[in-house]
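Below is one structure; the comments refer to it alone.
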Amino acid sequence: MTTRIGVVTFPGTLDDRDSLRAVRLAGAEPVSLWHRDKDLHQVDAVVLAGGFSYGDYLRAGAISRFSPVMETIIEQAKAGMPVLGICNGFQVLTEAHLLPGAMLRNNHLHFICRDQKLRVENAETAWTGDYEQGQEISVPLKNMDGRYVADERTLDELEAEGRVAFRYLDMNPNGSLRDIAGITNAAGNVVGLMPHPEHAVEPLIGTGRTDGLPFFTSVLKKLVSA
Amino acid sequence: MARVVVDVMLKPEILDPQGQAVQRALPRLGFEGIADVRQGKRFELEVEGPVDQAALDRIHKMAETFLANTVIEDFVVKVESGS
């Protein structure tokens, strides 16, 4: 049976098509999910794609978090379903309290778009198993509200439990505390990150590398072996 | 109808680069003597029915779950007009 991976489209989502393509290139069956639909259509995992859901009104991700599809995703994520939030999707996951902390306006106030080097700090989550621990990768980054913050106690906890999944290398593009680019929940099934692996899955686009593809092959393997 | 105002501000320990950008612009415009600026949000709610304790409790819950992200923001609820 084919593994089905859903990609959610909210009003204002931009990167759903790229995410669907990444899922297909990894060998899974991509399934489009609509934000007003509570039904997840028997998907085995979910990607919350990047963009500006609800125009980032109120706060990035704050309104989407209360959409019908998120009710089911929050429930399923707590039950162990793999969920990956990319950029705006990461913001939705923090607003939904599936991941700790919050995302704020970049410290320099500019929208930033660049190829970003990252270090894989945790290669044991549902979405990172196909990377090596400590591997350095390069994927595109583009955001306005990418500054990850949490209180000191939460940051210490994340570090101690190995839940900082990705860290910015060479430069910190947005003022994220402790150079955090991505984190995971305690169970390792929910991962959020600011840069865009779905834009680096074919040699012809993005960075010209395919450093982002292992995200999608990792979850596929995880689901097949489960 | 009564108006209830919810003021949302970033917590003091959270860096506010937007406020800082405003503060840095002030001397250029001839406004001296402002040591710090922090930028927040103000929500004006027109409330149907009486603003009794139950209504205020609901608004407090609304502010806590939706209008403010209490990870990074504090909020204050106040009744501005009406009963």
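Sequential numbering from 1, following the chain as shown.
Placement of Cβ uses the backbone N, Cα and C atoms for every residue, glycine included.
Note: TrEMBL annotation is automatic and uncurated.
Over in TrEMBL, the protein carries these features:
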- A:C87: active site, nucleophile (ACT_SITE)
- A:H196: active site (ACT_SITE)
- A:E198: active site (ACT_SITE)
Active-site residues in contact range of chain B, given that the Cβ distance is under 8 Å, out of A:C87, A:H196, A:E198: none
Set of same-chain residues at least 6 away whose C-beta sits under 8 angstroms from A:H196 (active site): A:D15, A:D18, A:G50, A:I86, A:C87, A:V139, A:P140, A:L141, A:K142, A:G206, A:G212
